[in-house]
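Participant: Can you read through this structure? Questions will come right after.
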Amino acid sequence: MHNAAPITRRKSKRIYVGKVPVGDGAPIAVQSMTNTRTTDVEATVNQIRSLERVGVDIVRVSVPTMDAAEAFKLIKQQVNVPLVADIHFDYRIALKVAEYGVDCLRINPGNIGNEERIRSVVDCARYNNIPIRIGVNGGSLEKDLQEKYGEPTPEALLESAMRHVDILDRLNFDQFKVSVKASDVFLAVQSYRLLAARIDQPLHLGITEAGGARSGAVKSAIGLGLLLSEGIGDTLRISLAADPVEEVKVGFDILKSLRIRSRGINFIACPTCSRQEFDVIGTVNALEQRLEDIITPMDVSIIGCVVNGPGEALVSTIGVTGGHNKSGFYEDGVRQRERFDNEQMIDQLEAKIRAKASMMDENQRITVNLVDK
């Protein structure tokens, strides 16, 4: 029920990764990357399908060898989400996966080779209508830039990116996006700011090698939150040393928190104190697990007492405010006569949320049909 984010998106060109639009105001796409061995086709396909179930828009797959390229062909045939092939060192692998229907090629300027090899990749991409991501990383800058700057700096990452943007410009190829990732939050943020001021291509955001599930999510939320709040960014990936499914969840949570893109339930819950009239923490944890399948955007407030509960409920799709034995129930900001038994809170609230999601989905379907007519 909250208003849309007061953020003006940076203007950028539109490209397509498979059928997913990127840039020019398109919804910011959430990306992840497999961490299986690509040659293990079954494991990789299963992981991609698990990512699809939590709403991933694009999946990157590492293709380090020609054997992996052959496996990529089989993987591509068994999944629906667009796949990006991650290519390092051997440009010929990029040429091979292009034959197999890859949706985007990610190349690293620091190790893909000379301009002639890049030209070969670009010619192949153009022929097969495949976009490219120039992926600059603070940990793998070109040797001459390492010597020039001494260490990764925003200017070094920018120079690396622009060096290869200029090559693509000379080759009259504009179907590309760019990333300038670093593990240091401020280095990454400033690098993206400099790049955003120089080009109008779509930008892929990420804090590389951010860390484990908790620390990596925090770093990514800070870095990407700063950039997204400034309107910078067209796709994103949360790099975690954790299950890739968590990357997707955190990515959507960041977009949801900034009211840029909503998918599923935005839970608003108090941290609890001695005033709570029911088990808020247990209720929230249970509902988050039970309702993972809900993709309808809605705000659900679960507040343990009447201090802040009514106020939060007024701006929530569904709200509950703790009371003695029974708690108040709100729908679309309006208090209902019905009250929830505190001992049955989880089951009752789940039923109300599912019913509301179903009604909202049906209303959306009717609206779309009327517009189409």
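Just so you know, glycine gets a Cβ as well, placed from its N, Cα and C.
Predicted, not measured: the structure shown is a model, and the values here were computed from it.
Quick paste from Swiss-Prot:
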- Cys270, Cys273, Cys305, Glu312: [4Fe-4S] cluster binding site (BINDING)
Participant: Would you list the other residues of this chain near [4Fe-4S] cluster - those whose C-beta lies within 8 angstroms of the C-beta centroid of Cys270, Cys273, Cys305, Glu312 - in sequence order?
Facilitator: Pro271, Thr272, Arg275, Gln276, Val280, Ile303, Gly304, Val307, Asn308, Gly309, Gly322
Participant: Far apart in sequence but close in space: which same-chain residues, 6 or more away, have a Cβ under 8 Å from Cys305 ([4Fe-4S] cluster binding site)?
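Facilitator: Listed in sequence order: Cys270, Arg275, Gln276, Glu277, Thr321, Gly322.
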Participant: Tell me, by DSSP, whether Cys270 ([4Fe-4S] cluster binding site) is helix, strand or coil?
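Facilitator: DSSP assigns Cys270 ([4Fe-4S] cluster binding site) to coil.
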Participant: Which secondary structure state does DSSP assign to Cys305 ([4Fe-4S] cluster binding site), in the simple three-class scheme?
Facilitator: coil
Participant: Enter the number of other CB atoms within 10 angstroms of the CB of Glu312 ([4Fe-4S] cluster binding site).
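Facilitator: Around Glu312 ([4Fe-4S] cluster binding site), other Cβ atoms within 10 Å: 20.
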Participant: Using a 10 Å cut-off on CB atoms, tell me which of the binding-site residues Cys270, Cys273 is the least crowded.
Facilitator: Cys273
